[in-house]
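Feature list (source: TrEMBL):
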type	residues	note
REGION	1-33	region 'Disordered'
REPEAT	49-129	repeat 'Solcar'
REPEAT	140-225	repeat 'Solcar'
Amino acid sequence: MGAVTTMDPESGRQHGTSPSPSPSPSASAQGKVAKSGAALTSGLAARLGPQGKHYVCGSLAAFTNIIITFPLQKVLFRQQLHGVRASEAVRQLQRDGLRNLYRGLLPPLLQKTTTVAIMFGLYEDFSRLLLRHASGSGTPEIVTRSISAALAGTAEAVLTPFERVQTLLQDHRHHGRFNNTAHTFRTLLRDYGVRECYRGLVPVLLRNGPSNVLFFGLRGPIKQRLPEAHSRAEHLVNDFVCGGVLGAGLGIMFFPLNVAKSRAQSQVGGAFVPCSQVLMTVWRERGGSVVMLFRGAHLNYHRSLLSWGIINATYELFLKLM
C-alpha cells in the first residue's frame with residue numbers, strides 16, 4: 001500500500017513580505033497542544049513497536065467508520081431481516097424515534113473496533129511468522145499470505161456474540177425484552193447459556209475467512225492500477241477507492257450469508273438451524289426469488305463502499321502518523 005504523507009509543518013505559515021507577527025496566546029496554546037499530541041503519538045508508537053501499531057490503527061479506523069455509518073447499517077439490517085424496501089425500513093426507524101436511532105451502537109462499536117484490529121494486526125503477525133518459516137520451503141508468498149488472511153478472519157469469529165447482541169437490539173420485535181447491551185448479554189447467558197451467544201456462527205465463519213483472503217489479496221493489485229498519488233489528498237482518495245471497491249464487491253458476494261446470519265441471530269432460544277436451511281427458508285418466504293433474497297444488496301453495496309473506503313483510508317493514515 002502507498003504511504004500517506006504526514007501534515008506539512010509549514011502549511012500554517014503566513015505568506016507575504018511583511019514580518020510575521022509574534023504568536024498570540026491562543027497560537028502558543030495550539031503549539032503546545034500540537035507538540036503534546038506529537039509526543040503522545042511518538043510515545044505510543046514506541047510502546048507498541050512495529051507490529052502492535054497495526055492493531056491500534058485498525059481499531060481507530062473501525063471506530064471512525066461505525067460512528068459515521070451506523071444509521072445506514074440499521075436500515076440495511078431491517079431490509080435483511082424483513083425483506084422490505086429501503087423506504088419502509090427508514091419509516092420503521094422514524095416510528096422508533098430518534099432516541100432509538102443509535103440503539104445497539106455499543107455492540108458493533110466494541111465488536112468492529114476489535115475485529116478490524118484483529119483483522120489487520122493478526123494478518124501482519126501471521127504473515128511475518130509464516131513467511132519466516134516458509135522462506136526456505138519454496139512456498140509462494142501468495143499462498144502464505146492467503147493462509148494468514150484466512151486465519152485472521154477465523155480468529156475474528158470469536159467476537160460473534162457482539163454481532164448477536166447487535167441483531168437483537170436492532171430488531172424492533174425485541175425492544176421490550178432487551179434494554180441494552182449488558183442486559184442482553186446477562187439475559188442470554190442466564191436463560192440460555194454461552195452457546196446461545198454464538199448463534200449464527202457458521203455463516204460468520206463462512207464469510208470471514210474467504211472475504212479476508214480476497215481483501216488482502218486484491219488490495220495491492222487494485223492500488224497499483226490507480227493513478228499514482230503525489231499528495232496527501234491523492235493518497236487518501238486512492239486508499240478510499242481501493243478499500244471501497246473491495247468492500248462493496250465482497251459485500252455483494254457474501255450478502256446471502258449475512259441474510260442467513262441476521263435471520264438466525266434474530267431468534268432467541270430453540271433449535272440451532274443449519275445455515276443452508278435458514279437460507280432455503282428465507283428464499284421460500286420471499287417467493288423463491290433470488291432478487292428478493294438479495295433485497296437490500298444495493299444499500300449494502302453503498303454502505304460497504306463507504307465503510308471500507310473509510311476504514312482503509314483512515315487505517316493507512318493512522319499507520320503513517322504513528
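Glycine is no exception: its Cβ is also placed from the backbone N, Cα and C atoms.
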Residue distribution over DSSP helix, strand and coil in the repeat 'Solcar' (49-129): 72 helix, 0 strand, 9 coil
Number of helical, extended and coil residues in the repeat 'Solcar' (140-225), per DSSP: 73 helix, 0 strand, 13 coil
